[in-house]
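The structure appears below as structure tokens.
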Amino acid sequence: MVCKVCGQKAQVEMRSRGLALCREHYLDWFVKETERAIRRHRMLLPGERVLVAVSGGKDSLALWDVLSRLGYQAVGLHIELGIGEYSKRSLEVTQAFARERGLELLVVDLKEAYGFGVPELARLSGRVACSACGLSKRYIINQVAVEEGFRVVATGHNLDDEAAVLFGNLLNPQEETLSRQGPVLPEKPGLAARVKPFYRFSEREVLSYTLLRGIRYLHEECPNAKGAKSLLYKEALNLVERSMPGAKLRFLDGFLEKIRPRLDVGEEVALRECERCGYPTTGAVCAFCRMWDAVYRRAKKRKLLPEEVSFRPRVKPLRAG
């Protein structure tokens, strides 16, 4: 197996693309493909300041690395979720990455900001841990982006992630949800734009970039992810991919190019300001504030919080690197 560009020994073979490349040309190809996706979907302006959501895993650190190499002012945001040793190691890896490259890192500690980490939040809210965690992360990432002056947030979602989400959405189809799936969610008042520059890279392709660049990342998965439906969807799609290389990419591209443009969701849902935090919501109080208000009420009943303490939605990130 030789590199298609130079004829030297290939380090990465991509059956789905009919391509094999050596280390040097794979890294070049990966960066150029990312840049092509950014330009194709007008994700970012040249040299723009962008907030990168970083967990310490391979996808988010690789994205931070690539965006920095492409000349964007990429600032990392890490949320310490309070999930025991897993969260501690995630923060350590992220801080080391930022420190070694001289990159700016913002950190929000969920427990310091609101009094509870994800395990306690799940118990007190009555939600599944992934649901409570996901809602909190989405809210905090957007709030930090808006209040720190970022127009756009970039996340490391890859092809496997996006194909699995699409698979799940098609099993339980809702036009409004399907119409929102894609590599870009545009900016709105009070809502930063969301972009996914890695949406056409498989998990293996991102991993290959991470390893060949020598990026140290957290290998372990979140302990709360065990049993998640998304893992089942990924397993099913991997089974298809093994027999039909390129199936996941065709599945996602086909939806984005042929089906999504035809989805008519009618008038957009009207957004208003949340009475508690002022951020956009469809009701009087947003889901984030409702959840945390309920958590504080239950915590007080269980004597976990003093009566005089009240939930305050605003957080101020710490600059850690």
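Backbone N, Cα and C define each Cβ position, glycine as well.
Swiss-Prot names ALA53, VAL54, SER55, ASP59, GLY156, ASP161 as ATP ligands; from the candidate set ILE79, ILE83, the record adds ILE79 to that same site. Listed in sequence order, PRO280, THR281, ALA284, VAL285, CYS286, CYS289 are the same-chain residues six or more apart from CYS274 (Zn(2+) 2 binding site) with CB atoms under 8 A from its CB.
Ranking the binding-site residues SER55, ASP59, ILE79 by the distance of their Cα atoms from the Cα of CYS3 (Zn(2+) 1 binding site) places ASP59 first. Within 8 A of the CB centroid of the Zn(2+) 2 site residues CYS274, CYS277, CYS286, CYS289, the other residues of that chain are GLU275, ARG276, GLY278, TYR279, THR281, VAL285, ALA287, PHE288, ARG290, PRO313.
Between the CA atoms of GLY156 (ATP binding site) and CYS222 ([4Fe-4S] cluster binding site) there is a gap of 16 Å, rounded to the nearest whole number.
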